[in-house]
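Trainee: First the structure, then my questions, so here it is.
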Amino acid sequence: MNQDQIVALLAVTVVTGTPLIFAAIGELLAECSGVLNLGVEGMMLVGAVSGFAVAAVTGNPWLAVLGAMAAGGALAAGHALLTVTLGTEQVTTGLSLALFGTGLSAFLGKPFIGIPNPVPFRPVPLPGLAHLPILGPVFFQQDLLVYTSYVFIILAWWWIYRTRPGLHLRACGESPETADAMGVDVTVMRYGAVIVGGALAGLGGGYLSLAYTPAWTENMTAGLGWIAIALVIFSTWNPLRLLGGAYLFGAADALGFRVQLLGVETSSILLRMLPYLFTLVVLVLINAVRRHSPVPRALGRPYFREE
Amino acid sequence: MAGAAPFPEWLEVVAIRGGAGMAALAVGAIFLAATGHDPWRAYREMMIGALGSPFAIEQTIIKAIPLMLTGLGVALAFTMGLWNIGAEGQLVAGALAASWLALTASLPTLVMLPGLILLGAAGGAAWAFIPAVLKTFVGVNEIISTLMLNYIALLWVDYMVFGSWADPTAFSFPYSRPFPPQAHFPVLLGDIHIGLVLALIAALLLAGLLQRTHWGYEIRTIGASLPAARYAGMRVRRNVLLVMAASGALAGLAGVGEVSGVIHRIQQGISPGYGFTAIIVAWVARLNPWAVILVAVLFAALLNGGFVIQTAGVPAAIAYMIQALVLFLVLASEHLLRRVRRRRALSQTRAALQVGR
């Protein structure tokens, strides 16, 4: 591999990492508030199909982004209703959401199979930064949604760890009783985090159908939603570490699809196993290395004041 | 007891599920109508396609077999609080193991059939053993590890059917060579293969194991309360390994049934998500083995109905949507009921305290 090829691979890595960044920040937000939402895969798929449908019908890419986010958020609202208001078991509820989203996206997506996206997001080089050596082509000759993901990462980190509402959010995830005593409305906070989280998962899915592929195919997430959940564990609930993790996974994914373009002779099918194997290996490594994972202590526990 | 059910518990359980099923169909109808389909006609066609003729019923039962086996496997794991979301991959691993034997060994039927069954169960068990080992010895959460292994198993099928098992006459279609006749499961009635017998035996054994043996008692205790089980000196690690393997073995049997009993080869997409539907089947059946059999038949009818109405232009995914909605609504109504009762009990206690003062 020469330098150009490495740069090309790294640029693809940033693209493949982007849907993971969106979905994983969303999951991180929900988990910080104390709600585990395993429905990421379903929310991403519904986001992907809704975004695509809006793009195909209106021809407006930004409306499509909104559509993807609204669809993901709507599904997440269902999760919040069950887990926060009714106190259902979060794992089971999240699984049923993942399955529902998968079915719903396939149902809604039937008429859109095989249609190209009329308004895909295309790379827009950032003036000034795009011509930096290596960093330019890797980070700053991407589409606008990739730039949005950089902003979201910094925003998420700053909001969660540097602002008062962020502190309240974490309090809901660590000890809802304390948060309640501080005057934080735990229910509102959790609803907000889960719904915004779902909107971000929807955006992650939308990135696939609006920028990455850009088309709709059934089950196009192919496990990215689950990898996003693994990524949150890997990040120790820190958005900045999540960024690095997303690109590591993105690299595994990119390798799977691009190694052959670089002239390496291997089975493409075996290479497509890479992101899944990589996820397994990473989970093993972090569990072997880290004895105490900083999981939000109230993660998975419903909170009702009167009991 | 305050807020006691006005009718027996089992009736309430059935009523909630029946109500959830109806409500899920109603929501499905809204989606159908909103996408320009006639819901009434779609449901009628689904019904006829699933149960309207001997052939339809036969096809429904054939689809119920893998749902029963994977559903039982998932129910076993869930009973112990193990989140085995990997039944799909374990099914595929069982199918791969059985296909290896069917495609490479030439054995008489009497050796081949038991060999397929044993090897398929072993394949599923081995695939489930990986996350079990990772959980017990490294502490890796089984939800994500079992899911990742699903994708790997599915890709492995692709690798085999495009590679050394490819059917040379299939023009690069994702099929393996056909199985030799010795590797075909015997049929009971029509095309219903002996996988049905395996599933019923599995339900019988599982129900007996869980309700009548000490091991079953351990499994239930670990599922109900891990600290209590540890305190009682139960060997949790050993049980995680054993139960995951048994759960995977059941899913593996489902895989053998599909390749040896239905398609007589291995191909891409041997399962339309049976291993995932199994999760819903197990929960809706409250992890009860006999209820799993019943729910599997109902859900197979829905799948088969969905399959049939595709020809009328209605996406088959309507069946998956409805199934997930049933679980969602069952969870919602059970917890709604629980919360209403708890509130009522609380207010009654408060009222009683006021009176006593």
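In case you wondered, yes, glycine gets a Cβ from its N, Cα and C as well.
TrEMBL lists these features:
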type	residues	note
TRANSMEM	B:20-40	transmembrane segment
TRANSMEM	B:61-85	transmembrane segment
TRANSMEM	B:105-134	transmembrane segment
TRANSMEM	B:146-165	transmembrane segment
TRANSMEM	B:185-210	transmembrane segment
TRANSMEM	B:240-263	transmembrane segment
TRANSMEM	B:269-285	transmembrane segment
TRANSMEM	B:292-312	transmembrane segment
TRANSMEM	B:318-337	transmembrane segment
Trainee: Return the stretch with the most CB pairs under 8 A relative to the transmembrane segment (B:185-210), choosing among B:61-85, B:146-165, B:269-285, B:292-312.
Mentor: B:61-85
Trainee: Between the transmembrane segment (B:292-312) and the stretches B:20-40, B:61-85, B:240-263, B:269-285, work out which stretch tops the count of Cβ pairs under 8 Å.
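Mentor: That would be B:61-85.
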Trainee: Answer yes if the transmembrane segment (B:20-40) and the transmembrane segment (B:318-337) have at least three CB pairs under 8 Å among residue pairs 6 or more apart in sequence, and no otherwise.
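Mentor: Between the transmembrane segment (B:318-337) and the transmembrane segment (B:20-40), which are separate recorded stretches, there is contact, as judged by 3 or more close Cβ pairs.
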Trainee: Take the transmembrane segment (B:269-285) and find every residue of the same chain, 6 or more past its ends, with a Cβ under 8 Å from one of its Cβ atoms.
Mentor: 17, 66-67, 70-75, 78, 85-92, 95, 150, 157, 174, 251, 254-255, 258-259, 263, 291-292, 294-296, 299, 303, 320, 323-324, 326-327, 330-331
Trainee: Should the transmembrane segment (B:240-263) and the transmembrane segment (B:318-337) be scored as in contact, given a threshold of at least 3 Cβ pairs under 8 Å and pairs 6 or more apart?
Mentor: no
Trainee: Which residues of the same chain, at least 6 past either end of the transmembrane segment (B:318-337), have a Cβ under 8 Å from a Cβ in it?
Mentor: 12, 16-17, 19-21, 23-25, 27-28, 31-32, 42, 46, 273, 277, 280, 283-284, 299, 302-303, 305-307, 309
